[in-house]
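Feature annotations, courtesy of Swiss-Prot:
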BINDING   Glu208, Asp292, Cys396, Asn399  Ca(2+) 1 binding site
BINDING   His341, His345, His351  Zn(2+) binding site
BINDING   Asn414, Phe416, Glu418, Glu421, Asp424  Ca(2+) 2 binding site
BINDING   Asp475, Leu476, Glu478, Asp490  Ca(2+) 3 binding site
DISULFID  Cys316-Cys396  disulfide bond
DISULFID  Cys412-Cys441  disulfide bond
DISULFID  Cys425-Cys431  disulfide bond
DISULFID  Cys449-Cys455  disulfide bond
DISULFID  Cys467-Cys487  disulfide bond
DISULFID  Cys499-Cys511  disulfide bond
DISULFID  Cys518-Cys568  disulfide bond
DISULFID  Cys533-Cys575  disulfide bond
DISULFID  Cys543-Cys577  disulfide bond
DISULFID  Cys546-Cys556  disulfide bond
DISULFID  Cys563-Cys601  disulfide bond
DISULFID  Cys595-Cys606  disulfide bond
DOMAIN    205-401  domain 'Peptidase M12B'
DOMAIN    409-495  domain 'Disintegrin'
SIGNAL    1-20  signal peptide
Amino acid sequence: MIEVLLVTICFTVFPYQGSPIILESGNVNDYEVVYPQKVPALPKGGVQNPQPETKYEDTMQYEFHVNGEPVVLHLERNKGLFSEDYTETHYAPDGREITTSPPVQDHCYYHGYIQNEADSSAAISACDGLKGHFKHRGETYFIEPLKLSNSESHAIYKDEHVEKEDEIPKICGVTQTTSESDETIEKISQLTNTPEQDRYLQVKKYIELYVVVDNRMYRNYNSNRDAINERVYEMVNTLNVMYRPLNFFIALIGLEIWSNQDEINIEPEVAVTLRSFGEWRNTTLLPRKRNDNAQLLTGIDFNGATVGLAYVGTLCRPTQSVAVIQDHSKRTSMVASTMAHELGHNLGINHDSASCNCNAGPCIMSATISNQPLSEFSSCSVQEHQRYLLRVRPQCILNKPLRKDIVTPPVCGNYFVERGEECDCGSPQDCQSACCNATTCKLQHEAQCDSGECCEQCKFKKAGAECRAAKDDCDLPESCTGQSAKCPTDSFQRNGHPCQNNQGYCYNGKCLIMTNQCIALKGPGVNVSPDECFTLKQNDPECGFCRIENGTKIPCAEKDKMCGKLLCQEGNATCICFPTTDDPDYGMVEPGTKCGDGKVCINRQCVDVQTAY
């Protein structure tokens, strides 16, 4: 049974309007002073079970007033904030690398919401008082302790009451984005996904994030590693809240501080720094620490108003699943917003066009980074992101960490099967399972299972019972083994298997057809160009190359002309190609695509399908 500790906080509220006060987040002109007082309580019908001794509760509630109105803030510890193999790395004065695995299980970073408000969220650090933000009635409020001696006072304020550190608008360094026209966005919104595509989009996705802090930023915080750690934890906790609407969960797998010297050349020219960091990730970081994405936080002032840069549509790639972000604000929420923006580029999202908007406040993917933090994704961003996922299907985001890999003490009754548990159907009052003992989280006598595609009436289904049907020509059906409640791992047809009436060949579980690639890039009503276009554009410097080497575009050989730039036909425009971007694969024919009878594209060459794999 889950132990829930509800902590009621009585806040005495003193609206304050006078001279500004200096908080960690900057100068605040208007705020309310509150004094939290903890009152332990149990939920209605709750039973308190012995639990491992921890400093911070898994679940807490705070009651207080906002503008004279009582609210209840519900908080739950962000159990997915750290991965089990989370490490911290710094460097000794002699350059030695020092890597540790600190005990981060009992951390103090929470997500939450205001009770009885559907559109509410919160990200709070409870390490030393309450610090963070919550959304109430469409507006974002910040809370942080007032550093007064012998006082538990906190300040609650809104973003508009914080003095701006710099009036110059900040920008992202990504310039070669392909913003869609209003007409194209409207057409995309009318597309209907297949049931299989909808299932794929609804599956929870995970990014194991590695954060690097450069030497300048380290020195900016008085060479205090603890202060750096706390700042990064808050940022990643906030990043998680911003990505939940996209069904993404971000786990911090490593934090590295270049405490002795920078391990790469960090230049004011942001593109140079991004390239160097990507090469470092590929050659130095990945061989010693797995991760899905790495971000560099730097204390350098990039040229102009730029505060970040990332490659577009490159998640999971060794050299390009990276971003660089200037630590441009005292406020962690501001820098977290920039981290979210650059990660959005890695996830295939370009800058919003003028027709894109958000329900409240600025959009995360606006080309100009707002002075207001804690933005949200526009409908344009959501559509573009989904198109990227369906077109590329990056594999690293699907490897869900095992429950034992999520750092948290097991809690019986929270519906998650954690280490040492055989099942978890909630509290005894809520449990609806005949197979699971809600008090012990163990299976009932003679029960083999509680849930799963291959579990039926507490028993494993017989071997051979189909548990996952083939979704298309390139998929294979899966059957139960008779020994497990889980359906076996999804498998697919061999590469080169003909699909969709011989229009294409299977490649890594997908039937790759050029017309479908055109639709993914341009929307409905588009087809692949006729063969004559590929001949006509063969020597075109923008549309006729097969690869780029040291910045030089290499034309396709005659036999390989169907494996370079993708050409599409829309209306009277018959030979459309796509502009070159920071993503070298954008607008190129995908590997495994049919380029002739019995031929497929591999490494930008049109080769015999019988020998390609």
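Using N, Cα and C of the backbone, Cβ positions are placed for all residues, glycine too.
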Note to self: Taking DSSP as the reference, which of helix, strand or coil describes His345 (Zn(2+) binding site)?
What the structure shows: helix
Next item on the list: Quick one: give me the count of other CB atoms within 10 A of the CB of Cys511 (disulfide bond).
Entry: 22
Check: Looking at the recorded positions Leu476, Cys563, which one has the fewest other Cβ atoms within 10 Å of its own Cβ?
Finding: Leu476
Check: Near Cys431 (disulfide bond), which recorded positions out of Asp292, His341, Asp424, Glu478, Cys575 have their CA within 10 Å?
Finding: Asp424
Note to self: Excluding near sequence neighbours, so keeping only residues 6 or more apart in the same chain, what lies with its CB under 8 A of His341 (Zn(2+) binding site)?
What the structure shows: Cys172, Gly308, Ile364, Met365, Ile369
Margin query: List the residues in the vicinity of the Ca(2+) 1 site, defined as same-chain residues other than Glu208, Asp292, Cys396, Asn399 with C-beta within 8 angstroms of the site's C-beta centre.
Written below: Tyr206, Ile207, Arg290, Asn291, Asn293, Cys316, Ile397
Next item on the list: Please spell out the DSSP helix, strand and coil residue counts for the domain 'Disintegrin' (409-495).
Entry: 0 helix, 15 strand, 72 coil
Item checked: disulfide-bonded residues near Asp475 (Ca(2+) 3 binding site), in sequence order, restricted to Cys441, Cys449, Cys467, Cys533, Cys543, Cys606 and a 10 Å Cα cut-off -> none
Next item on the list: Determine, from DSSP, whether Cys546 (disulfide bond) sits in helix, strand or coil.
Entry: strand
Notebook entry, point to check: Residues near the Ca(2+) 3 site, Asp475, Leu476, Glu478, Asp490 excluded, by Cβ within 8 Å of the Cβ center?
Noted result: Arg468, Ala470, Lys471, Pro477, Ser491, Phe492
Notebook entry, point to check: To the nearest whole angstrom, what is the C-alpha distance linking His345 (Zn(2+) binding site) and Cys316 (disulfide bond)?
Noted result: 13
Checklist line | Chain-internal residues near Cys606 (disulfide bond), provided their CB is under 8 angstroms and they sit 6+ positions away | finding: Lys559, Asp560, Met562, Cys563, Cys595, Gly596, Lys599, Val600
